[in-house]
Amino acid sequence: MVESMAHLQEEKLRLQQELLALQEKLSARENEEIAVSVQLQGQVANLKANLLDQAEEISRLRSELGGTDLEKHRDLLAAENERLRQEMKACEGELRALRQQQQQAPCLACEHVQENGRLQERLAQLQREVEEARAKLSELDLEVQQKTNRLAEVELRLKDSLAEKAEEEERLSRRLRDSQETIASLKSQPQQIKYIIKTVEVESSKAKQALCESQSRNQYLQEQVGMQRQVLKEMEQQLQSSQKTAAQLRAQIMMYEAELERAHGQMLEEMQAMEDEKNRAIEEAFSRAQVEMKAVHENLAGVRTNLLTLQPALRTLTNDYNSLKRQVRDFPLLLQETLRSARLEIGQAIEEVNSTNRELLRKYRRELQLRKKCHNELVRLKGNIRVFGRVRPITKEDGEGAEATNAVTFDPDDDAVLHLMHKGKQVSFELDKVFPPQATQEDVFQEVQALVTSCIDGYNVCIFAYGQTGAGKTYTMEGTSANPGINQRALQLLFAEVRGKAADWDYGITVSVAEIYNEALRDLLGKEPQEKLEIKLCPDGSGQLYVPGLTEFRVQSVEDINKVFEFGHVNRATECTNLNEHSSRSHALLIVTVRGLDRSTGLRTTGKLNLVDLAGSERVGRSGAEGSRLREAQYINKSLSALGDVIYALRSRQGHVPFRNSKLTYLLQDSLSGDSKTLMMVQVSPAEKNSSETLCSLKFAERVRSVELGPVSRKAELASWPSQEQLEVTAPPGALPG
């Protein structure tokens, strides 16, 4: 019972506080309305001051421009200003009446204050427009005054000119009369004064000339008078246009007066609406207070009724509280047991997920290898050019700092993908195989040895290295004496394969070494390395190419190979550039021909292995090439550009492929036209400063990879050795040079 009474007391206090807040809100609204009234009064005073200033301005203008044609317009404006002043007095009276009404019954609706603000803004806008009209009128008055002054000056100058003209004419007339009188008096005198008469006649002619000059000057002054009259006419026209403008301004002022009258009517209507709204708000607040008081009484009766039913509920709540207290006491033990079991279940689930992930990763890698194997087989069947990429390590020639940072990264799950960071963006490339910098010469040759051995079976094979200067092409193809490259390893593999088949087959291996230097094909094993050779088609109609005069040596051991390489390397053109200390200035070709005879079946096979070390592509500005080096670079870039054109034509399946645009592409025609297995080893530099060249090389590699040459064919026959041997071997195989 005591709690119920306390609750009723609190409810009563809350209602009293709400009534006090409502009274404070009403007082605040009354203060806001008083402030708005004061603001309106200030604006009315400002408007009155503006009207007084306008009246003074009109009086000043009348005093300065009295007697002009615009005086009537100024008088009209003064009358209009007086009428506006009377209307402002009426507005002040209405404002005082409105203030008295507000003091008697203050308004509670704050929305009317906003409406008053809008009306005040409209009134201020009308005042600004009146000010603009007054400014325009002042400008017109000033312009009229200036034109009037100019007209007066022109009239004064005209009067002065006329006066000067009259004086000059009078002076000349007097001189003419004097001269005529003198002539007449002299003629009446005797013959002895004849000389004097002639002198006077001469003077009279001078007077006539002065009279002509005066007449011409008079004519000039008349023209000036005509021009001044024209100017006066133009000024009168401008004055008329000024009068029209003043009429337009009067029309605008009349429109502004209509706006003021309409605003005044709207203000009266809004004031009446504010009064009605105020009365309605008071009635609503009173009725709402009555309803709330009635609700309070009803709540009090409900509380008294509920108080009788609270005691059983209180007993029930007490029992529930004691039960919950016992459960809270036992909750920590239950929570620990639950957490322990949850940890065990989560650990088991994590272990199962980890094992599942390991199994999925193992299956993914197995499927990845299977997919790569299937892809390689598909590429082989379609006859695509296979493309391997090799990234050389960072060397001291790359320098230090930001330019020598590594810009190439590799995919840990796919050895056919590499990523290049170029200008802050990562670009990804997918090739058939990618060799990182730590890959050895054995790793590289292990991937290409299957192609090398296929030439023993009668297939044509072409392996060529492509890339910028200093990317490691010569190292990959030739290597060093301690760590040989693809060339020497390929011949060693061929010797091993030949020895393995010696029981059934007879094989002969011959080697030719040539280079393309400045678009000239040269034999590096010949007696005259500087002699230029030509590429021709075989006359047997097979469509194969051969080089008449190209020296061919028979090799049978590793020592023979070393002698051939040493002799050919001495004659090859190399030079130092800014990009590479020993830059290859020509395209080097190692042509290995393997001819076999199956003694049991009489089957003859002919396979050719072309190992090409292309000259490095370079930008002339970076390589620092000059003179003959510049000409070499131009020929190199031209031949590589021709190779790009051939690749584009093959990729887009064009009817004409421009093999003949360069000696390089013409010599590689049988390796790029679908009759051989072709592999391109693209060499790239990982240094940041070479990222642009690396990007170009990798893009070219992707285009080469998409070229389909068609299924390769095997060169085998059951007949005797073809006459092609005599065509290809101009010098019979013999002893090695040196």
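These residue numbers are counts, starting from 1, taken along the chain as shown.
Yeah, the Cβs are placed from backbone N, Cα and C, and that goes for glycine too.
Features reported for this protein in TrEMBL:
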- Gly467, Gln468, Thr469, Gly470, Ala471, Gly472, Lys473, Thr474: ATP binding site (BINDING)
- 5-189: coiled coil (COILED)
- 232-284: coiled coil (COILED)
- 384-707: domain 'Kinesin motor' (DOMAIN)
May I ask which residues of the same chain, at least 6 positions away in sequence, place their Cβ under 8 angstroms from the Cβ of Gly467 (ATP binding site)? Lys473, Leu614, Gly616, Ser617, Val682, Gln683, Val684, Ser685, Ser697
Please determine which of the binding-site residues listed here (Gly470, Gly472) has the lowest count of neighbouring CB atoms within 10 Å. Gly472
Tell me, how many other CB atoms lie within 10 A of the CB of Thr474 (ATP binding site), whichever protein chain they belong to? 24
Around Lys473 (ATP binding site), how many other C-beta atoms are within 10 angstroms of its C-beta? 27
